[in-house]
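As given in Swiss-Prot:
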- His359: active site, proton acceptor (ACT_SITE)
- 6-9, Lys20, Gln71, 76-77, 98-100, Gly135, Glu150, Asn165, Asn223, Arg329, Lys347, Tyr362, Asn373: UDP-N-acetyl-alpha-D-glucosamine binding site (BINDING)
- Asp100, Asn223: Mg(2+) binding site (BINDING)
- Ala376, Asn382, Tyr383, Ser401, Ala419, Arg436: acetyl-CoA binding site (BINDING)
- 1-225: region 'Pyrophosphorylase' (REGION)
- 226-246: region 'Linker' (REGION)
- 247-454: region 'N-acetyltransferase' (REGION)
Amino acid sequence: MNIVILAAGMGKRMHSDLPKVLHPVAGRPMLAHVIDTARTLSPSRLVVVIGHGAERVREAVAADDVTFAEQDQQLGTGHAVMQALPQLDDNQPTLVLYGDVPLTTAATLKALVEAAGNTRFGVLTVEMPDPTGYGRIVRDAAGSIVRIVEQKDASEAVRAIREINTGIIVCPTGHLRRWLATLRNDNAQGEYYLTDTVERAATEGIDIVSAQPAALWETLGVNSKVQLAEVERIHQRNLAQRLLETGVTLADPARIDVRGELTCGRDVSIDIGCVFEGRVHLGDGVQIGANCVIRNSSIDAGAQVQPFCHIDSAKIGADGRIGPYARLRPGTELGEDVHIGNFVEVKNSQVAAHSKANHLAYVGDATVGARVNIGAGTITCNYDGANKFRTVIEDDVFIGSDTQLVAPVTVRRGATIGAGTTLTKEAPADKLTLSRAKQMTLDAWQRPVKKAKQ
């Protein structure tokens with residue numbers, strides 16, 4: 001099968017420099033969603049017709065199985081498909097999709113393709129309560145489709161028809177090539193309509209069939225930021241529904257955003273306002289508190305993430321305790337039962353089982369052993385202005401509050417670092433290491449009297 005995706009439009013009503021088809025739905029370009037759905041049909045040719053912002057569109061969705069055709073002037077849908085003709089195989093039917101209609105399901109497209117087979121003309125239609133602005137499906141007395149009439153060219157009688165054309169069609173490619181060559185632009189829009197091929201097919205006695213989607217939202221197009229927001233909410237609602245059906249507890253299905261792929265084990269609970277980006281896995285019994293942002297991370301069974309945490313490209317071991325207000329940056333790997341508390345940031349560090357940094361700390365470019373306690377205010381000083389250096393903290397270390405570990409430095413097994421220490425050399429195993437000024441009290445000192453300047 002050939003699949004042609006029309007993605008050349010400017011999208012004036014978006015009021016944006018970004019090409020319309022690159023505006024995101026669930027964190028990915030609309031066009032990427034359409035391409036993903038098209039791939040489920042295993043096409044032999046997948047052609048994207050580009051125009052406005054062509055290079056940006058090409059870069060955004062380039063892949064080995066995608067080819068491009070350029071429409072230099074936007075002269076209508078028929079003209080757009082003409083640009084793809086040199087890349088199509090006449091021995092296979094062609095399915096036409098739209099880069100700004102991102103929610104059409106694979107099941108709906110398969111139903112249309114199966115209805116059309118290799119010899120019929122298939123049209124995806126829907127009935128709308130208010131069909132204003134859409135091309136109407138005109139049928140004869142026997143119920144067969146004879147033509148599609150665009151809104152601006154329709155009579156009052158035709159405008160009363162509620163069945164509309166979604167624009168998605170499939171037909172034999174050889175016929176399509178011939179019909180496109182006969183299109184005229186003598187209409188209210190001055191464009192070459194792809195829909196006019198329906199009338200050509202009817203005139204030649206080609207059987208015209210239709211299929212309908214399971215839901216109206218599958219065919220919603222995006223021409224404005226208002227419509228983009230509507231499509232986003234529908235998509236998120238559908239994703240939330242699937243999570244609920246697999247046993248995930250959502251505090252409010254209307255207040256979760258999944259911008260990628262979220263997989264969950266059993267008895268997972270997600271509070272309100274959470275955003276999941278990229279690939280995220282939540283193991284059995286994981287609890288996610290309110291207003292967390294989690295990106296490209298895995299969280300193992302039994303872990304708890306308290307509210308307002310940011311987790312990016314990290315691995316959290318079983319039974320971990322994160323937050324609230326914690327930040328895990330790329331390269332963070334936490335073992336079993338690791339506690340990372342409020343206002344603690346961990347970056348590019350490996351922390352072994354049962355270790356804790358519960359308050360106000362920065363752990364960057366570090367290797368932390370098991371059963372380590374990192375006191376409040378501890379900082380790994382990992383950057384000298386040009387290069388990053390690692391800190392190594394071995395098992396069973398206790399680090400007192402307000403400690404600076406100036407990398408590269410190692411704290412050996414079982415060592416204790418006194419509060420307020422600035423550590424610049426290796427701390428030996430099982431010993432107390434500290435560096436601080438000797439405390440003094442000046443008995444004769446009096447606080448000076450200070451007067452405000454007049």
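Using the three backbone atoms N, Cα and C, a Cβ is placed for every residue, glycine included.
All features noted in Swiss-Prot, drawn onto the structure.
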residue	record	DSSP class
Leu6	UDP-N-acetyl-alpha-D-glucosamine binding site	strand
Gly76	UDP-N-acetyl-alpha-D-glucosamine binding site	coil
Glu150	UDP-N-acetyl-alpha-D-glucosamine binding site	coil
Asn223	Mg(2+) binding site	coil
Arg329	UDP-N-acetyl-alpha-D-glucosamine binding site	coil
Asn373	UDP-N-acetyl-alpha-D-glucosamine binding site	strand
Asn382	acetyl-CoA binding site	coil
Ala419	acetyl-CoA binding site	coil
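Considering only the residues assigned to acetyl-CoA binding, Ala376, Asn382, Tyr383, Ser401, Ala419, Arg436, the longest pairwise Cα distance works out to 23 Å. Residues 14, 23, 25-26, 30, 102-103, 217, 220, 253-254, 256-258, 262, 264, 270 of the same chain lie 6 or more positions beyond the ends of the region 'Linker' (226-246) yet place their CB under 8 Å from a CB of it.
The average per-residue pLDDT of the prediction over the region 'Linker' (226-246) is 98, rounded to a whole number. Checking each of the binding-site residues (Asn223, Arg329, Ala376, Asn382, Arg436) against His359 (active site, proton acceptor), the C-alpha distance stays within 10 Å for Ala376. If you compare Cα positions, Arg436 (acetyl-CoA binding site) sits closest to Arg329 out of the binding-site residues Gly99, Asp100, Glu150, Arg329.
Closest to Tyr383 (acetyl-CoA binding site) in space, going by CA atoms and restricting to the binding-site residues Gly9, Asn223, Arg329, Asn373, is Arg329.
You'll find the Cα of Gly76 (UDP-N-acetyl-alpha-D-glucosamine binding site) roughly 16 Å from the Cα of Asn223 (Mg(2+) binding site). Each of the binding-site residues Leu6, Ala376, Ala419 was scored by the number of other CB atoms within 10 A of its CB, and the lowest score belongs to Ala419. Cα-Cα distances to Gly9 (UDP-N-acetyl-alpha-D-glucosamine binding site) place Asp100 within 10 Å, out of the binding-site residues Asp100, Ala376, Ser401.
Reduced to three states, the DSSP call for His359 (active site, proton acceptor) is strand.
A straight line from the CA of Glu150 (UDP-N-acetyl-alpha-D-glucosamine binding site) to the CA of Ala376 (acetyl-CoA binding site) spans 68 Å. For Asn382 (acetyl-CoA binding site), the Cβ neighbour count at a 10 Å cut-off comes to 23, with all displayed protein chains included. Across the structure, Ala376 (acetyl-CoA binding site) and Arg329 (UDP-N-acetyl-alpha-D-glucosamine binding site) are spaced 19 Å apart at their Cα atoms.
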